[in-house]
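Features reported for this protein in Swiss-Prot:
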{"type": "BINDING", "residues": "ARG59, MET60, VAL61, LEU62, MET63, LYS64, TYR74, SER75, LYS81, GLN103, GLN138, SER139, TRP183, ARG193", "note": "FMN binding site"}
{"type": "BINDING", "residues": "LYS64, TYR121, ARG125, ARG189, LEU190, HIS191", "note": "substrate binding site"}
Amino acid sequence: MSDTSIQQQSQLTSGDFTAAENPFALFAEWFADANESELNDPNAMALATVDPDGLPDVRMVLMKGYDTDGFVFYSHIASQKGRELAANPKAALLFHWKSLRRQVRIRGAVSAVTETEADDYFATRPKQAQIGAWASKQSQPLESRFAFEQAIAKVAARYLVGEVPRPPGWSGWRITPLRFEFWHDRPFRLHDRIEFSRDTPAQPWIKTRLYP
């Protein structure tokens, strides 16, 4: 590693994040930094679930909101992720911000957002994306791209004028954290890691520093 790289990392870690006591506040700080430094989708997160056989699944989704109740994303209820979350409402998230040499891991319980929340968010989506949500049978076999484009055209014709309502099979989920882990790269793999954990959302956080 060059002296320049080491100096850059030293600048990134000039504030001791391991002194933080509130994981949500620390996430907010890091996410604000990511919004300034990441070129593409700082709200992108890996979502891990398991199927009924216990086989893990992971995919990238976009976080559409967060607060102390949890982290929210949206998709089709009948999708692979939707079916897996219905069978086992627990999940893990990973945010990786390469430009900052940071990552945040989150594990917790999953619950559905309210109908009002889903409606309100769906109304903010571009109309073409709303139409796509109606046309797509996410995770189901697709005969051809042409078949999908035909389905899109039919939905577009149906909603040529006026607002597009939210499909009944499209909604969102909230992951309420029971565990956070904040990781920051250091020179020579001597990284900093801290974990916040609790058994239930009503309990206070327990902070632990971890070996890299």
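Quick reminder: no glycine exception, Cβ is built from N, Cα and C everywhere.
Sequence features, as recorded in Swiss-Prot, placed on the structure.
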residue	record	Cβ neighbours (10 Å)
ARG59	FMN binding site	13
VAL61	FMN binding site	16
MET63	FMN binding site	19
TYR74	FMN binding site	21
LYS81	FMN binding site	22
TYR121	substrate binding site	18
ARG125	substrate binding site	16
TRP183	FMN binding site	19
ARG189	substrate binding site	8
LEU190	substrate binding site	9
Row GLN138 (FMN binding site), column other C-beta within 10 angstroms, all chains, value 17
Between TYR121 (substrate binding site) and MET63 (FMN binding site): CA-CA distance (Å):
12
Taking only the residues the record lists as binding substrate, namely LYS64, TYR121, ARG125, ARG189, LEU190, HIS191, what is the largest Cα to Cα distance between any two of them, in Å to the nearest whole number?
43
Greatest inter-residue Cα distance in Å for the FMN-binding set ARG59, MET60, VAL61, LEU62, MET63, LYS64, TYR74, SER75, LYS81, GLN103, GLN138, SER139, TRP183, ARG193
37
Could you check which of these binding-site residues, TYR121, ARG125, HIS191, sit within 10 Å of TYR74 (FMN binding site), going Cα to Cα?
TYR121
Give the helix, strand or coil assignment DSSP yields for VAL61 (FMN binding site).
strand
Intrachain C-beta neighbours of HIS191 (substrate binding site), sequence separation six or more, cut-off 8 angstroms
TRP183, HIS184, ASP185, PRO212
Could you tell me the C-alpha distance between LYS81 (FMN binding site) and ARG125 (substrate binding site) in angstrom, no decimals?
21
What's the CA to CA span in angstrom from TYR121 (substrate binding site) over to ARG59 (FMN binding site)?
21
Cα-nearest neighbour of ARG125 (substrate binding site) within the listed binding-site residues, ARG59, VAL61, GLN138:
VAL61
With DSSP assignments reduced to helix, strand and coil, which class does ARG189 (substrate binding site) get?
helix
Measuring Cα to Cα, how many angstrom lie between ARG189 (substrate binding site) and VAL61 (FMN binding site)?
28
Around the Cβ of LYS64 (substrate binding site), the count of other Cβ atoms that are within 10 Å
16
